[in-house]
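Inspection log for the structure reproduced underneath, given as structure tokens.
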Amino acid sequence: MVRKIAIYGKGGIGKSTTQQNTAAAMSYFHGKNVMIHGCDPKADSTRLILGGKMQTTMMDTLRELGEGACTPDKVIETGFGGIRCVESGGPEPGVGCAGRGVITAITLMERHGVYENDLDFVFFDVLGDVVCGGFAMPVRDGKAEEIYIVASGEMMALYAANNICRGMVKYARQSGVRLGGIICNSRNVDGERELLEEFCERIGTQMIHFVPRDNIVQKAEFNKKSVIEFDPECNQSQEYRELARKIIENTDFVIPEPMTMDEMEDLVVKYGVLD
């Protein structure tokens, strides 16, 4: 049965890069059939899988061809490791609601049975924080059963992770969605691992993996590839391989217990994130 995973995190945290490298590792190292559904108007959730290509989005296709012509063969492309890719896209700048585009795109994919076809994993790569009902849809309506949050030892990344947990709690009991853990995408700040470990303990989850910072990630991006495609034998590829394995084998799913603002302030002061 296909496992549906939503990846959340603060804008700029490296969420899409982490998600694409994890998906590539699942396919390349673990032989899994994977699909990525990008839920960001920037439509950059799949470009490393597609060799740098910015694929035509579902919303663009809807505007140009109409709903009847917006079929899977028009909007799904296959990239590295046989990973299937689709991008929701969004409205024209300054017009309409991008969150609504996510709702429309997911509904259309479900109508065509796309998420059920011979897949092991579907990743929903969701814009930034839980900012509105549209972007909360994978949580709210049970489209995803598992949530992973990408964070770091930086203050705003932790605040965003805590806010995402607050959004999860609101919908978890009705939708059945659960938190699978925090992925630390390291920024090499002092005490980062210890801070994230305590944060995870305080909210009742696990740090499923600590991804070290490595310049090969940027080098691979410059070459329009995931790290796994660029150099599958390098140390960073092995980190993503391990992260993928941990997600595949994960059985530790919880409804988190978000921290209060005062508790968050105390935590970041304790580790010197605030002076």
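Glycine too: its Cβ is placed from the backbone N, Cα and C atoms.
Per Swiss-Prot, the features are as follows:
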| type | residues | note |
| --- | --- | --- |
| BINDING | Gly9, Lys10, Gly11, Gly12, Ile13, Gly14, Lys15, Ser16 | ATP binding site |
| BINDING | Cys97, Cys132 | [4Fe-4S] cluster binding site |
| MOD_RES | Arg100 | ADP-ribosylarginine |
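According to DSSP, Gly9 (ATP binding site) is assigned to a strand segment. Shown are the binding-site residues Gly9, Gly11, Gly12, Gly14; the one with the most C-beta atoms within 10 angstroms of its own C-beta is Gly9. For Ile13 (ATP binding site), applying a Cβ distance below 8 Å and a minimum sequence separation of six or more within one chain yields Val150, Ala151, Ser152, Ala157, Ala160, Asn185.
Neighbour density for Lys10 (ATP binding site): within 10 A of its CB lie 22 other CB atoms from the protein chains shown.
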